[in-house]
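Undergrad: Let me begin by handing over the structure; questions about it come next.
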Amino acid sequence: MTQRSGSSQTGALAPSQAALHVITATRRALEALEDRWDPARLEAFTDHLVARGGRVVLTGVGKSGLIAQKISATLASTGCPSFFIHPTDALHGDLGMITAQDTVLILSNSGETEEVLKLLPSLIRLGVGIASITSNGESRLAAASGWCFTYDLPDGEGCPLNFAPMASTTLQLLWGDLLAAYFMTRTGFTLERFAQLHPAGNLGARLLKTRDLMHRDFPKVRKDASLVDALAAMTGGKLGMTTVMDGAGLLGIISDGDIRRALEKAQRENLNPLDLSARAIMTADPVAVEPGTLAIEAARILESRKITFLVVKEGTQAAGILHIHDLLGAKVI
């Protein structure tokens with residue numbers, strides 16, 4: 001553990017020097033961790049989490065508590081169920097949120113934080129797994145932990161007074177990210193799963209696939225259907241189009257543009273438009289994508305072809321329709 005021997009005033013350093021010292025102190029702490037970290041311990045902890053199957057409960061006080069909240073959010077968003085609980089709240093009833101299958105990860109730079117130490121007997125009685133992130137491997141918190149992830153601060157916090165948590169919170173945060181990375185790779189966390197957990201975010205939207213947005217219930221008419229039948233299907237489907245089917249197979253599509261072109265042709269050739277069949281009006285071999293196509297790629301196709309919808313095909317069959325409004329609604333574009 002790095003002891004804090006602070007100064008009572010900050011005038012010894014110019015502001016730029018003080019700021020640079022934060023960078024230097026943090027860099028040296030990161031280099032120290034890189035030189036001595038134990039991947040086997042982190043791997044064993046990750047295996048424990050997977051085998052136990054519970055949640056990771058983060059806790060801490062002050063700045064360590066804020067870092068604990070961030071670590072919990074990172075774990076939850078990358079496939080590891082997690083939540084944060086304040087030690088004081090835990091001692092006043094919120095321990096009921098924790099089950100014996102859970103593992104509690106405690107953050108304390110000193111490893112001697114009073115609120116945290118008061119919580120330990122209750123956690124031990126619950127039978128939960130206990131892990132910690134601290135700079136003091138000889139602390140009472142470290143001694144009570146099944147897994148203790150430590151860090152050194154060779155140049156202290158970097159704070160001009162060497163008291164405000166700076167380098168220590170960065171190292172705590174890094175340990176949390178290391179745990180998240182291990183858990184993601186250990187459990188085979190995928191981009192698809194990431195998108196499922198981030199449905200409202202830009203990152204998630206960019207990972208959506210056409211199957212996630214397409215209309216599975218879409219308008220259909222037979223190849224011998226009349227123009228009136230096609231118009232009725234288009235109106236009812238509210239997609240500005242209908243598919244033309246031969247049994248289960250897709251023959252083509254009819255769009256608003258196809259209707260206009262058919263009417264213009266009927267006028268030119270003095271034909272009765274009501275006599276036109278869906279097959280005579282349709283566009284054969286419409287632009288199509290597969291269900292696994294990324295939605296953002298589908299958006300590029302719509303833009304380049306200057307069209308408003310795509311057929312989603314599985315083999316020769318239509319699986320759905322993807323409309324530009326679906327992409328806009330999901331904020332893919």
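Glycine too: its Cβ is placed from the backbone N, Cα and C atoms.
What TrEMBL says about a protein is an automatic prediction, not a curated fact.
The shown structure was predicted, so the numbers you read here are calculated from the model rather than taken from an experiment.
Straight from TrEMBL, here's the annotation block:
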DOMAIN    46-189  domain 'SIS'
SITE      Lys63  site 'Catalytically relevant'
BINDING   His86  Zn(2+) binding site
SITE      Glu115  site 'Catalytically relevant'
SITE      Glu157  site 'Catalytically relevant'
SITE      His198  site 'Catalytically relevant'
DOMAIN    214-269  domain 'CBS'
Undergrad: Average pLDDT across the domain 'SIS' (46-189)?
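TA: 97, rounded to a whole number.
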Undergrad: Would you count the other CB atoms within 10 A of the CB of Glu115 (site 'Catalytically relevant'), including those on all shown protein chains?
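TA: For Glu115 (site 'Catalytically relevant'), the count of other Cβ atoms within 10 Å is 17.
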Undergrad: Which of the recorded sites Lys63, Glu115, Glu157, His198 has its Cα closest in space to the Cα of the residue listed as 'Zn(2+) binding site'?
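TA: Result for the residue listed as 'Zn(2+) binding site': the nearest of the recorded sites is Glu115.
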Undergrad: Tally of helix, strand and coil residues over the domain 'CBS' (214-269) according to DSSP?
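TA: Its residues fall into 24 helix, 18 strand, 14 coil.
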Undergrad: Measure from the Cα of Glu157 (site 'Catalytically relevant') to the Cα of every one of the recorded sites Lys63, Glu115, His198, then give the nearest.
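TA: Nearest by Cα distance to Glu157 (site 'Catalytically relevant'): Lys63.
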Undergrad: Please report how many Å separate the Cα atom of His198 (site 'Catalytically relevant') from that of Glu115 (site 'Catalytically relevant'), as a whole number.
TA: 34
Undergrad: Under 8 Å Cβ-Cβ from Lys63 (site 'Catalytically relevant'), six or more apart in the same chain: what's there?
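TA: Counting only residues 6 or more apart in sequence, the Cβ neighbours of Lys63 (site 'Catalytically relevant') under 8 Å are Pro165, Thr169.
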Undergrad: What is the total of other Cβ atoms whose distance to the Cβ of His198 (site 'Catalytically relevant') is within 10 Å?
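TA: If we count other Cβ atoms within 10 Å of His198 (site 'Catalytically relevant'), we arrive at 16.
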Undergrad: Should His198 (site 'Catalytically relevant') be counted as helix, strand, or coil on the basis of DSSP?
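TA: In the DSSP reduction, His198 (site 'Catalytically relevant') maps to coil.
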Undergrad: Would you identify which of the recorded positions His86, Glu157 has the most other C-beta atoms lying within 10 angstroms of its C-beta?
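TA: Top count of Cβ atoms within 10 Å goes to Glu157.
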Undergrad: Report the DSSP secondary-structure composition of the domain 'SIS' (46-189) as helix, strand and coil residue counts.
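TA: Within the domain 'SIS' (46-189) the tally stands at 71 helix, 23 strand, 50 coil.
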